[in-house]
Amino acid sequence: MNNLERLRQENPLVVCYTNDVVKNFTANGLLSIGASPAMSEAPEEAKEFYKVAGALLINIGTMTKANEQDILEIGKIANQQGTPIVFDPVAVGASSYRKAFCQKFLSEVKVSVIKGNASEILTLVDATTTMKGTDGKTDLDVVEIAKRAHEELNTAIVLTGKDDVVVQGGKVVKLSNGSPLLAKITGAGCLLGGIVASFLFREENPTLQVLEEAVSIYNIAAEIAEKDQQVNGPGTFLPKLLDQMYNIDFNTYQQQVKRQEVE
């Protein structure tokens, strides 16, 4: 049984502490791929949820001072329960507040995967980096950024961009599927964090293969959706993306994946 079939058979619970802008889209995307989302944020119920969850997604997109302690607490509870965490440091380079919080969080909580764009990932290992909102750009080598973050933060890295770079266990793969329309709908990257979480199956040290499958299956679904004759922009693309996430099978992934192993 491949990982996509396993996901659809097991219907893993993915607990999402995510930002207010993307909750609905994230939940619908996870349902479409075959997971079971729970948008639970209360530390008071975390222990019970995490006992049965396949993974926890923590996305700081709309965090405030009021929920800092909640995020730290649920991260620590997940660690205690052996529940893997996917951490999405949204716009971490946009403010010193976000940088300081992410540094504190990563010093106190062990995460299994960090997902972000090149600027976000670089900011985690280089405090001098700045970015504009969530869409930071950098001219630096994305492979080197991902490798450096993997080594310094001791966790798997999913770096997103024109090409996605996944680093785990000292191995690097560059993935080249996707659609430019993903950048035209809010929450596409945030949903990817949830998709990665849905493939973890309570494994705190996921394999490179699992991570690249999660990323590429999502991006191939986006490619297929973009080509649909009824799609003429972001508004018609979004529902077709959900449809293709629901319909995609592992054979399609194997036939269409664009991957390159990198030294």
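Heads up, the Cβ atoms here are built off N, Cα and C, so glycines get one too.
Annotated substrate binding site per Swiss-Prot: M39, G187, in sequence order, evidence recorded as sequence analysis. The feature ATP binding site is assigned by Swiss-Prot to K115, T160.
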Most crowded position, judged by CB atoms within 10 A, among M39, K115, T160 as binding-site residues: K115
Rounded distance in angstrom between the Cα atoms of M39 (substrate binding site) and K115 (ATP binding site): 19
C-alpha spacing of G187 (substrate binding site) relative to T160 (ATP binding site), in angstrom: 13
